[in-house]
Amino acid sequence: MMAGEGSAAKPRGGRLCTICNGRRAALKRPKTLEQICRECFYEVFEDEIHRVIVDNHLFKRGERVAIGASGGKDSTVLAYVLSELNNRHDYGLDLFLLSVDEGITGYRDDSLETVKRNEIQYGLPLKVVSYKELYGWTMDEIVKLIGLKNNCTFCGVFRRQALDRGATLLKVDKLVTGHNADDIAETVLLNILRGDIARLSRCTSITTGEDGPIPRCKPFKYTYEKEIVIYPYLNMLFTYAYFKKLDYFSTECIYSPNAYRGFAREFIKDLERIRPRAILDIIQSGEDFRISTFTKMPEQGNCERCGYISSQKWCKACVLLEGLNRGLPKMGIGRTRVLDNERDKDTRQTNGTKSIESKQCGTLDF
């Protein structure tokens with residue numbers, strides 16, 4: 001869809017921008033509650049992201065950087081802003097768009113058309129990798145076999161590995177994703193609810209995977225979702241994507257209407273209504289989190305089957321694929337006696353590959 005159709009209404013009361021004090025305010029920033037004009041919003045929005053990039057040394061001149069592009073709001077704004085900042089501040093980066101085709105008819109095929117338009121609009125080369133090519137399965141085929149209850153487990157595991165494989169094909173030095181402050185706050189909460197100490201200890205890091213195939217960066221770590229898109233103010237959508245009239249795809253995945261992350265998202269939005277800084281406070285809590293020296297953490301190694309980084313003999317994707325290919329799609333998800341018996345042979349070979357707990361769609365598997 002083309003965001004930004006219609007004309008913007010004048011702010012109630014004709015208040016002036018608190019930054020330039022010359023133009024009328026167009027929105028109230030959710031993070032600072034400042035009422036600012038459109039032009040100042042562009043400047044502070046982009047400058048904050050630039051400061052995050054510079055202060056955290058996210059890139060080095062000459063690096064090849066892949067932008068995880070789904071066609072959605074976050075990745076579209078990320079591609080646009082990073083391209084603009086790269087030119088304006090002379091980062092010296094070679095930028096690419098990297099998309100994953102999960103094989104979801106009526107959703108991903110449509111969103112990929114948006115990414116292909118972005119390729120032309122921003123002048124960035126595009127690489128698309130698919131589940132079918134990498135794993136021999138599409139999500140449509142997996143859902144037919146597993147149903148809707150645990151399908152997000154497969155998609156999350158496969159997507160993370162597919163992005164790394166695509167980044168390897170592009171021979172890039174870094175992979176950037178559009179995860180925003182809301183996403184990271186949700187992940188902190190989810191990891192607390194799951195008792196996932198390992199992920200809780202690293203989920204707020206702005207760069208992750210430095211010991212893996214390709215380091216991942218999150219330039220939007222402190223950027224509120226409401227400033228990227230869908231911010232209701234005076235019954236209008238006043239956001240960066242709206243003002244810039246960016247071309248993005250807004251439909252949610254048809255297979256994740258009841259994803260666990262959605263409940264955490266609604267809870268955090270409720271907190272934000274009461275206290276706008278709640279999102280940043282949760283992120284800071286995650287940053288300040290420390291693990292006891294007595295806590296045993298999983299050791300990273302490599303999968304014996306595919307070579308991908310893993311803390312077990314087999315990586316999560318290989319365990320799930322083994323179940324699909326053997327007609328046991330719940331292998332690696334549940335802990336049932338039947339599945340344990342079916343896996344006895346593989347368990348002996350892999351010295352006890354642990355089962356994988358179900359995780360819902362959209363999880364930030366850092």
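Using the three backbone atoms N, Cα and C, a Cβ is placed for every residue, glycine included.
The domain 'tRNA(Ile)-lysidine/2-thiocytidine synthase N-terminal' annotation in TrEMBL covers 65-228. Summarising the annotation, TrEMBL assigns ATP binding site to Gly68, Ala69, Ser70, Asp74, Val100, Gly178, Asp183. The domain 'Cytoplasmic tRNA 2-thiolation protein 1 C-terminal' annotation in TrEMBL covers 301-331. Look at TrEMBL and you will find 339-366 tagged as region 'Disordered'. Sequence annotations record features per position, and here TrEMBL assigns compositional bias 'Basic and acidic residues' to 339-348. Among the features that TrEMBL reports, compositional bias 'Polar residues' is placed at 349-366.
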Which listed residue (Ala69, Val100) has most other Cβ within 10 Å, given these are binding-site residues: Ala69
Max pairwise CA distance, angstrom, over record-listed ATP binders Gly68, Ala69, Ser70, Asp74, Val100, Gly178, Asp183: 19
Helix, strand and coil totals (DSSP H, G, I; E, B; other) for the domain 'Cytoplasmic tRNA 2-thiolation protein 1 C-terminal' (301-331): 10 helix, 4 strand, 17 coil
Predicted model, mean pLDDT over the domain 'Cytoplasmic tRNA 2-thiolation protein 1 C-terminal' (301-331): 88
Cβ atoms near Gly68 (ATP binding site) (within 10 Å, other residues, all chains): 22
